[in-house]
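Written out below as structure tokens is the structure these notes cover.
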Amino acid sequence: MAQAGAVDIVRVPDRLAFTRNRYLRALQTPRGLLGLGLVGTIVLLGILAPLLTPYSPTFQIRLQELLPPSGTHPLGTDELGRDLLSRVLNGIRVDLIVAVVAVPAAAILGCLAGLLGAAGPGWWDTTIQRAFDVILAFPAIILGIAVAAILSPGERAIVVTILLANVPIFGRLSRDALISQREREYVVAARLIGVSPVRVLFRHIFPNVVDPLIVQLALSMSLAVFLEGGMSFVGIGIQVPQPSLGNLLNEGLPYLATNVNYAVGPMLTLTALVVGLNLIADALNAGVLRR
């Protein structure tokens with residue numbers, strides 16, 4: 001028999017563990033596993049590029065131009081005798097570095113802009129939203145051309161273009177989520193008992209709006225890789241002789257009829273990376289947001 005005055009202790013589920021389990025379950029679906037497999041394999045190849053390639057990506061071997069795939073050169077060589085496998089693997093590293101630097105920066109800036117819009121006066125929110133409208137009115141590649149014309153082609157132009165293309169997306173997503181949460185009962189109750197606005201934001205509101213931001217992060221990584229490939233392909237991104245998947249594809253197109261391996265290697269790698277990131281985002285969207 002329970003003693004008088006005894007108090008039952010109720011365990012409150014660990015929010016962090018609960019969130020982590022939801023993400024793990026979402027990624028353990030067929031789409032999630034396929035996406036993780038594609039992205040993980042390509043990332044691993046990019047990280048291990050110095051160990052897997054016996055040649056520098058810019059090293060030219062005389063009298064070894066446009067060789068077909070062989071044991072010495074698994075993807076063959078280009079028109080200057082450079083090993084294509086070395087160039088593709090190092091191109092992966094360039095694409096990943098650009099995406100990993102630019103997308104989180106865009107997410108941070110966008111969330112700050114969304115917070116200012118949601119918490120600030122109406123005229124400030126209107127100004128931010130109209131600025132987002134102007135940016136989103138242009139296709140990302142057009143933004144890239146304009147940025148490259150101002151800053152000159154290269155890594156900096158790609159990073160700035162990715163920022164411009166993604167900050168409005170994260171800004172609107174975070175603003176709408178914050179506005180939808182700030183009048184909920186638990187937020188109002190926290191304010192009434194004297195919880196500081198900063199604590200209300202980070203302890204009560206932010207954990208409930210982070211899910212769509214994580215999904216968008218995966219989608220924006222895919223967009224960043226695709227945008228880098230497109231800008232480098234048309235000559236306003238990474239400049240030769242530094243390899244990237246986009247400029248390798250551009251260099252290989254003239255030889256598509258005679259040396260199909262030249263263009264197919266970077267094309268398949270870029271496609272697999274973009275598809276893998278989209279599969280991860282789709283799995284997270286289905287498993288986390290549609291619950």
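Each residue's number is its place along the chain shown, starting with 1.
Cβ atoms here come from the backbone N, Cα and C positions, even for glycine.
Taken from TrEMBL, the feature domain 'ABC transmembrane type-1' applies to 92-281. Annotated transmembrane segment per TrEMBL: 32-52, 96-119, 131-151, 157-174, 213-240, 260-281, in sequence order.
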| Long-range neighbours of the transmembrane segment (131-151), counting only residues six or more past its ends (CB under 8 A) | 157-158, 160-161, 164-165, 167-169, 171-172, 223, 227, 230-231, 234, 236-237
| query | Is the count of Cβ pairs under 8 Å between the transmembrane segment (213-240) and the transmembrane segment (32-52), pairs 6 or more apart in sequence, 3 or more? | reply | no
